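Here's what Swiss-Prot has on this protein:
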- 4-120: domain 'CMP/dCMP-type deaminase' (DOMAIN)
- HIS67, CYS92, CYS95: Zn(2+) binding site (BINDING)
- GLU69: active site, proton donor (ACT_SITE)
Amino acid sequence: MISKWAKRFFQMAELVGSWSKDPSTQVGAVITKHNRIVSVGFNGYPHGVSDSADTDEREIKYLKTLHAEENAILFAKRDLEGCDIWVTHFPCPNCAAKIIQTGISKVYCPEQTEDFLSRWGEKIQVSQDMFSQAGVEVTWLPLDILK
């Protein structure tokens, strides 16, 4: 059974993700320690860079976008050793590297849909391998009890 804290932190990650101006993918991340929120982040352009959803082609948008995990790590401005991160989508390899490097010890993520796995399965496997090698615990949260 999922704890009330797990449900709350995942719901918060979803809420924070909804702040993204990206019309196709909204990702949220919440960093916690001992059931206290340390930082939050969502995917989007860096501060001061025009982020109108229709101004850039997809490839240019990808180059400019900070991922939710990156933003949460940057906004924290503190040591994240031993923290947990709650994400709406499984971290890409670049974000996995940053999570590992900061000392975050646990990643909580909802089970991924078949559609998501069909598009990102290879990158998910790379990230999972990185987390496993670095000793970062990954917990998959069942979708049906998160809502």
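Note that Cβ sites are derived from N, Cα and C of the backbone, with glycine treated the same way.
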Exercise for review: Taking the recorded Zn(2+) site as HIS67, CYS92, CYS95, identify the other residues of that chain whose CB atom sits within 8 Å of the mean position of the site's CB atoms, giving them in sequence order.
Suggested key: ALA68, GLU69, GLU70, PRO91, PRO93, ASN94, ALA96, LYS98
Review point. How many other Cβ atoms are found within 10 Å of the Cβ atom of HIS67 (Zn(2+) binding site), counting all protein chains shown?
Key: 21
Point to revise | Integer Cα-Cα distance in angstrom, CYS92 (Zn(2+) binding site) to the residue listed as 'active site, proton donor' | key: 10
Review point. Are there residues of the same chain, six or more positions away from GLU69 (active site, proton donor), whose CB falls under 8 angstroms from its CB, and which are they?
Key: ALA29, GLY41, ILE85, VAL87, PRO91, CYS95, LYS98, ILE99
Exercise for review: May I ask you to report the DSSP-based helix, strand or coil state of CYS92 (Zn(2+) binding site)?
Suggested key: coil
Revision key, fill the gap. Within 10 Å, the Cβ with the most other Cβ atoms among the binding-site residues CYS92, CYS95 is that of CYS95
